[in-house]
Amino acid sequence: MKKFLNAINTNNFENVIAISAILFLFNLIFPYHTSGILFLINEVLVFIVFLLLYKNLSSKLQNKSSVPLTLILNSGILAAILFFILSLTNSSYSLNTDGTISFNFFNSLLSVVVIFIFIGSIVFIFTTFKVLSFIRQKKDFTTYYDTMLFFIALSFLSNMLLFFDPTLDFPRDSFFIVSILLISINSVRVAWIAFLNKKQKKYLLILSVVLVVIYSITFSLLMDSNVVKKIIYTFSPGMHTLFSLVMIYGAIYFVVIFFTTLFHLPTAEVFDKKAQQVSSLMDITKLMTQVFDFKELADTITEMTTEICNSDSAWLVTKEKDKIILNSVYKIGFVDADKISNTLLEFNNIDEIFIHNNTGNKNSISYFEQNYNSVAIAPLKVYDKIYGYLFTARIKENSFEEDEIKSVETFANYAAVALENAMLIKQSIEKERLEKELDVARDIQRKILPLKTPSLKNLEISSLFVPAFEVGGDYYDFFELGNNKLGFVIADVSGKGISAAFIMAEVEGIFESLSKMIHSPKEILIKVNEILFKNLERKNFVTAIYGVIDTATKKVTFSRAGHTPLLHFSNNQISQLKPKGIGLGLDISEKFSNSLEEMEFYLDNDDILMCYSDGITEAKNANYEDFGYQRLEEIIKNFSEKNTDLIANEIMKEISLFTKDKSQHDDITLIIFKWKNN
């Protein structure tokens, strides 16, 4: 039967229209099918119309399987229309003396129209039963259904035998009875009823009673010897059989639905609750992906907890530095929620779901306004770390049931994950902000550092700057002062990031301006200190070395404001030159100027001077050991005969090898001078 159905072109509704039109015209022309040929042609056409319409409607109604009540209501309306038409039709026709219907053109036209309404309605109702039978079915019952279709088709076609020999009614009756048995078997496929909520089940219960009555009365009308039966029989005996079977199907199916719904009604509330829990969890999951405000999510969780757990109120608190912060309340005041939270958390070490029953408990909370009798507390825990607690309270005396406790725990877990996500997002935003600040700081640093070193006779100059990931405040520069003099400065701003970069930019501008007006290193540093002390916050300061090299006299004059010592290599010996001086911006009194010293010395052939930041000497390896002065001095001694570029590269190479297992935490800056007598 299934192969036969699939052999028909079921997706072309035009075929249905075409065959129906042929059938319509055929019955207008031949209202009586007195000859065997006319009878066979009519029955075949009716059968094909039923098949084509059934296959087309099956594919369309299958998309409506998610709304079974709508399908039932629509089929019920059609059944009521059929009942109404059957009732009216009995009084619309007159009978001949021999009991046959008297047809004229008008009656013939009306009869054919009514018959086509019957055909469409019968097929729609029958297809609806098919769709309903397969909703929510875990097993494949297609074989049972196809067997039923096969015997219904045999019941239809067996009527042809009666036309030629009225005594051959046994096959038709046998197929009819087997069809009813198979209809009864297929009518028990009502698994979808369990998934209706309580309101829908009550509605279905009433609807099924009404439909059982409608289908039963309609079937009785078909069985009576009345005008309706004669009209349908005259048109097609097979159709009368099919009509009767569909009405029997409807009556049996809705009797099954009635009793099944009746048995499911006591558990409907439990199912509704479970469905609400699943829906709530889906809503929370969706919110977690769309809402980044934890407060909004907490409000939703407390509201859902109250509804799902049948409690009277709920609230959520978080832990911040051992303090309890009330984030969200639902149907309870902030003061009461805070009191209950502090009382229960003070007397109980809660690291898993905890139920506090007020009756007979020495730590009773009954003195609070709402007089709660039971409170469920679930920790907001992720990887054994507790971020807070979800509370839900009940006034009535019965405690929370196991499924309600699990719901509270589940909501708390979602809240914990959401809270952790909110914290991670906050950290991510903060990290992004810091990275943008660092980009700005790097850009500032790059712009204020010199693009190249000065080129002077007798003096080799090299500089090296390697910024750390988190920008420090290192700065160096050169100033051509005229009269064969070159000013140089190296400075290190305390702190890191954008603030250090802005201070560094300010320092660069101050030295750039003062170096043109003041030639004494000590006086420049005193003036720089006065300016910076007014502008810097007390937590910030700057260390610096400012010096002047006179290439005509080979004299070096410099002062040091708390910076690392200046290294002087001469005659194969290294000296750490560190005249007294405190950092810039720390003090504006005479203490700064009195402590600041100015030092002078002269350069000999192949003498080396090096200014550097503490990023070199304090570079650390995996064991947190400093690179130190000794390693730096050994490099200078070992490569003293080389040019300044090679010395700078060797220093950087050794630092990189020393700190290969440790990330760079501070800027690395150095300036190397080497005097050459020509």
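Glycine is treated like the rest: Cβ placed from N, Cα and C.
All annotation found in TrEMBL is predicted automatically rather than curated by experts.
Under the heading domain 'PPM-type phosphatase', TrEMBL lists 456-675.
The transmembrane segment feature in TrEMBL is assigned to 12-30 (among others).
Beyond the transmembrane segment (36-54), the same-chain residues lying 6 or more positions past its ends with a Cβ under 8 Å from any Cβ of the stretch are 5, 8, 10, 15-16, 19-20, 22-23, 26-27, 30, 119-120, 122-123, 126-127, 153, 156-157, 159-160, 163-164, 235-239, 242. If you look up TrEMBL, you'll see 36-54 (among others) marked as transmembrane segment.
According to TrEMBL, the feature transmembrane segment maps to 66-89 (among others).
Through the fold, the transmembrane segment (109-132) approaches residues 20, 24, 27-28, 31, 46, 49-50, 53-54, 57-58, 61-62, 64-65, 68, 71-72, 74-75, 78-79, 81-82, 85, 89, 92, 101, 103, 145, 186, 189-190, 192, 231-232, 234-236, 239, 242-243, 246, 249-250, 253 of its own chain, all at least 6 residues removed from its boundaries and within a Cβ separation under 8 Å. TrEMBL lists 109-132 (among others) with the feature transmembrane segment.
The list of residues near the transmembrane segment (144-164) in space but at least 6 beyond its ends in sequence, with Cβ under 8 angstroms from a Cβ of it, reads 1-2, 5, 36, 39-40, 43, 47, 50, 130, 133-134, 171-172, 175-176, 178-179, 182-183, 185-186, 236-242, 245. Residues annotated as transmembrane segment in TrEMBL: 144-164 (among others).
The transmembrane segment annotation in TrEMBL covers 176-196 (among others).
If you look up TrEMBL, you'll see 203-222 (among others) marked as transmembrane segment.
Here TrEMBL flags 242-265 (among others) as transmembrane segment. Among residues of the same chain six or more beyond the transmembrane segment (242-265), those with a C-beta under 8 A of the stretch's C-beta atoms are 50, 75, 79, 118, 122, 125-126, 129, 132, 152, 155-156, 176, 179-180, 183-184, 187-188, 190, 193-194, 196, 198, 201-202, 204-205, 208-209, 211-212, 214-216, 218-219, 222-223, 232, 271.
Non-local neighbours of the transmembrane segment (12-30) in the same chain are 38, 41-42, 45-46, 48-49, 52-53, 56, 105, 108-109, 111-112, 115-116, 235; each lies 6+ residues outside the stretch with a CB under 8 Å from one of its CB atoms. Averaged over the domain 'PPM-type phosphatase' (456-675), the predicted model reaches a pLDDT of 90.
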